[in-house]
Structure formats: structure tokens, C-alpha cells
Amino acid sequence: MLSCCLRLRVSGPGLALPLRFLLQSPRTPGPSVHRPLPPTFDFGFRPRSLMKPLVVFVLGGPGAGKGTQCSRIVQKYGYTHLSAGDLLRDERSKPNSQYGELIEKYIREGQIVPVEITISLLKREMDRTTEANAQKNKFLIDGFPRNQDNLQGWNKTMDGKADVAFILFFDCDNEICIERCLERGKSSGRSDDNRESLAKRIQTYLQYTKPIIDLYEEMGKVRKVDASKSVDQVFEDVLKIFDKEG
């Protein structure tokens, strides 16, 4: 009985073709029979994995100018802007939404919507964005996290799935914020752009959101901007931050 094994490997960039042939003589007398094993092919190609989202939390009191500045950051740096408040308001307006009435109640009272609802909306939009374009992995999340429960919910749900670069904090005097929101309310149609709701929203912000900012400040992950300036002046300070952070 005669047997031999031949292995041929052809290599090139991203190419490996191992071919194995086993030559054996049959059990009964007769001519030798070649019995090639099926070849295996490895071209070095792998499905491209989605890039992990890089997140900047954008926080500040109501009327601090978060949405306006986020629009400019999107145009300049290509981030995707997700406003927690806008997502909640959009969800509230859907006729078939199971959360609509609940969201409306919380927003009208200036309270914080349960974290499970907010994170599910944020994650849905992030997934849609990265699935449509794997390179669109930078997000501005505006108005989140608003309290400790939000932060814990984020850490539990998004741990290992997204990286938080820093908090962009728009610091603005409360009275300036109120006046801006009242002016906006003349055309915004928002049910919470009135003085009574604004007073509740600012109290909620000071009681629950500001401690989150202070927590990140201790970790060295807050970039503060004086938001009482004009829109253009504020954006000049924002440019300095993002040019430095890369």
C-alpha cells in the first residue's frame, strides 16, 4: 500500500488557498484511485463590524441653547444630534403610542420621564443611524442623562455598547433661560414653554441634573461653556472644545 500527502498553499494579500489531496491505493488490487478532499478557501474577508458609538452628553438648563448649538456642531463636525426631549415629544404625538399620555403628563408637570422609555428611544435612533451608515458613530445626546436614575439606566443598558467622551455643559443664568423659553414659546407650540412649567423644569434641573454634571466634573469629563453669551460667541467657545477633543 502506498500513500502520500501533498499540501499546496498559495498566499497573497488577503488570500490563502490550502488544498489537501490524499492518495491511497484501494483495498483490492487494481489501479490507484485519487480521492481529493474538498478544498477549503479562506480569503481573509470578515463582515465589517459596526463601530462603537462615541457619545457627547449635552446638558444645561431649559433655554440654555443646547439645540441651537447642537445644530451647528452637526454641520461642522458631522455628529448625529439626538434630543431626548424631541424624541419624547415625537413619541407622545403618535396616535398609536402606548407611552403618549404618560409622556405628556411628565412633560407638562416638568418631571423626568421614566428612564426605560427614554433609553429605548435613544437606542433605537442610534441603531438606525449606524445601520444605515457604519461610519456615523458620533452622537450628541441632548438633554440626557437628567438624573441619577437616567445615568444608572444608561450604564446598565449601554455598558460596553457606547463610549461617553465628555459632557458639554451650557451654563446659563436661570432668568435668562426663562426669558428665552418664553420668547420661544410664542412660536414653538410647546406645552411646557410657559412660566409655570419653566419654574418646575428649572427646579428639576437644579435638583436632579446638576448633580450629574458635578459627578462628571469630578471625573474630569465636563467641558463648560458660558451660554449667556450670543449664539455666535457661544459657538466660538464650542469650536475650541471640539477642535481640542478631536
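The backbone N, Cα and C atoms fix where each Cβ goes, glycine too.
The ATP binding site feature in TrEMBL is assigned to G63, A64, G65, K66, G67, T68, R184, K229.
TrEMBL lists R89, Q111, I112, V113, G143, F144, P145, R146, R190, R201 with the feature ribonucleoside 5'-phosphate binding site. The number of other CB atoms found within 10 A of the CB of I112 (ribonucleoside 5'-phosphate binding site), across every protein chain shown, is 21.
All protein chains included, N150 (CMP binding site) registers 23 other Cβ atoms within 10 Å of its own Cβ. The CMP binding site feature in TrEMBL is assigned to N150.
Computed over the region 'NMPbind' (83-113), the whole-number mean pLDDT of the model equals 90. What TrEMBL lists as region 'NMPbind' is 83-113.
Residues annotated as region 'LID' in TrEMBL: 183-193.
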Roughly how many Å separate the Cα of I112 (ribonucleoside 5'-phosphate binding site) from that of G63 (ATP binding site), to the nearest whole number? 17
Cα-Cα distance linking P145 (ribonucleoside 5'-phosphate binding site) and G65 (ATP binding site), given in Å to the nearest integer: 17
State the Cα to Cα distance, in Å, between A64 (ATP binding site) and R190 (ribonucleoside 5'-phosphate binding site), rounded to an integer. 16
DSSP helix, strand and coil counts for the region 'NMPbind' (83-113)? 19 helix, 1 strand, 11 coil
